[in-house]
Amino acid sequence: MKAKQSQDKPQPSGEAPKQHDLARATSPAGEHLTDNLGHAISDDQNSLKGGVRGPSLLEDFLLREKISHFDHERIPERVVHARGAGAHGVFKVYDDSLSEVTAARVLTDPSRETPVFVRFSTVAGSRGSADTARDVRGFAVKFYTQEGNWDLVGNNIPPFFIQDAIKFPDLIHSVKPEPHREIPQAASAHDTFYDFVSLTPETLHMLMWVMSDRAIPRSFANMEGFGVHTFRLVNAEGRSHFVKFHWKPLSGIHSLVWDEALELAGRDPDVHRRALWDDIERGDFPEWELGVQVFTEEQAAEFDFDVLDATKLVPEALVPVRRVGKMTLNRNPDNYFAETEQVAFMPTNLVPGLDFSDDPLLQGRLFSYLDTQLSRLGSPNWPELPINRPLARVSNHQRDGHMRYTINPGRVAYEPNSLGGGRPAEVSPQRGGFVSYPEPLSGVKIRQRAESFADHYGQAKLFWNSMSPVEKMHIVRAQQFELGKVETRDIRLKMIEHLRGINPVLGDQVAAGLGEMKLNGPLPTDAELMKLLEGAVSETTAAGGVQKDEALSMVDHNTAPPSVRGRKVALLAADGVSAEDVGRMRTALEAQGALAEVVGTHLGSLQGQGGEVMVDKTLLTTPSVIYDAVYLPGGSASLKALGQLGDALRFVAQAYKHGKAVGSSPDGLALLKQAGVAVSAEQGVLDLSKQSADDFVEALAQHRFWNRSGDLVPA
Ligand code: HDE
């Protein structure tokens, strides 16, 4: 296990600058208790009263200060992406090969380690909502470069719902809890969202992604990230290329199943936030490679879709992704509010060598983020907050405002000036001054959608075609669930027609689930549905002639070779468990970077066969949905005791139903049977008298076994 990093340990060189900068604002607990102005306090238990049983006195400045500060300690939560978790890290490019297309030093200088702060988020829910809601995830990265901050404020889904920023408030109002009764929290499964979607077919491509398992990630470390919009790279000669940014997780892309997501929302609503924190504390640092799709304007003009339309992606089959660098998250924040809550991202934070495109959604964002910080953080001086301030020197004539922290000496606060020696002076482009790409423009002033934005179904079809049968089955089930919650029949009917437009089998199966189409016989089981959907494909349009893009599937393609890195395995145990078997499995798992936890009948230690076994969690507090697999270590007394516990039987049955690897010592086979789980190596249920611990680790690396018979979920 790698050493936990703490502030007094040496840090990777690149991280140090921002960490030192933050340390200037960090205030560890002092020896003496004081008020906010440094007066020592002798009694923090009792307010000042007129007599021990008398009224409190107005004079009690300590009581008033403490209560008053408390009264004002909340700020407005983000209007979207309110719930988030953040971490510090570093980014490094592999080589200087991008210098042909960009002058951005952060992307071309391999000797630099750029500090980053990343915030992951859900979109629709409030700050206190659950991590596992079906939703898009925000993936916002702030690079503290030597040339100023660069924010890549992306999502875990590459297209967006809408094409023009003017529709964003409508989209968000439709998905947020309905305004008359504030229901439902953090859910798209309600009438107003589908009312908007059914009347706005440009949302359909992204809707398909949101109905897929991408919207219920296993962890933040198992998500891809996307810059979504087309941006520009500009090289030293001023030449521009278009670019799409990607983050490829080195621990692969993995998702929950819906039943797990629902259970986790109750059992551990902080599951993603907790995993991010725990992984970093343990030294299992989450990593992503930065990928770029670079293409010219001429190439873009040849595509049968518009790269300025954010509801479209550029298929990787059309423009491959080049992996150019790596980001490692290696330090947890010291204070949630000061860092994760007060961090302010803005797509306008750019460095020379990068620029915007004319994507009308991006153009609207260029206004929104600065604007929203003013109401959220309350002052134009928010860039002075430690988490937001750049490492590059700030020097200008902006002054005053609420909570101004910087002291600007001297009488000059204007430009041009002679009294201040003409400083600070403008910087020429050659010396790093930012210049906007001189894109030639002409046109009439007009409110109109470009004809090249008109195709709303083509890429939804591409996504659908690219799914494996199980992924398609999950989309059907998700849509049946979501529309099943929509109370207005007319909206359901409109949605079925849209889904039929993407693929008739998709539309029909959803319709059948909603009672809008009669089938000859009962509704298909999951396995039957998967068979039915296998050949269900649609002719794409607006996808550059690509009919199927493997990169869009999490099953057919992954961003990293199969591995068990970061996977968590439960070893179920009671008194009498074989200490040797526990140790053997733990060693096999940890050798490959996975984590083993003993889930026992009680906390503390178990009286094991051959020694004591320490318990990490108990059956009462820890469900199977926290884990990626379960193993039943030997010890007949232990397994007999477990076999009498409903929690243990459910644990195993549920892990099985969720498609996870299950392994058992010979002593545990009876319990497996009791839980209704049949041994089958192909289906990831291993009898360890016939197979080795390494075979179990290999099964774990497959993540899920979709070939189990019958309906897998719910357990
Ligand atoms: Fe955002 N978005 N957004 N968004 N967005 C915000 O800014 C907005 C869009 C994204 O962890 C807000 O500081 C508009 C696309 C992330 O702090 C706000 C439009 C993408 C985060 C805002 C979009 C995003 C935000 C709320 C359409 C993916 C969280 C708080 C024109 C590329 C950042 C804040 C964090 C946050 C506006 C569309 C990603 C209100 C107007 C497309 C990851 O300014």
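The backbone N, Cα and C atoms fix where each Cβ goes, and this holds for glycine too.
Matching F168, F303, F305, F434 to the heme binding residues that TrEMBL gives (R78, R119, R365, Y369, R376) identifies F168. Taking the Cβ of H81 (active site) as reference, residues of its chain lying under 8 Å away and at least six apart in sequence are, in sequence order, S121, T122, V123, G138, A140. Sequence-distant neighbours of R119 (heme binding site) (same chain, 6+ apart, CB under 8 A from its CB) are G84, A85, G86, G138, A140, T340, V343, F345. The sparsest Cβ neighbourhood within 10 Å, among the listed binding-site residues (R78, R365, R376), is found at R376. Residues near F168 (heme binding site) in space but far in sequence (CB under 8 A, at least 6 apart, same chain), listed by position: I162, L361, G364, S368.
A 10 Å cutoff on Cβ-Cβ distances gives Y369 (heme binding site) a total of 16 other Cβ atoms nearby, all chains included.
The record assigns R78, R119, F168, R365, Y369, R376 to the heme binding site, and the maximum Cα to Cα distance across that set is 21 Å.
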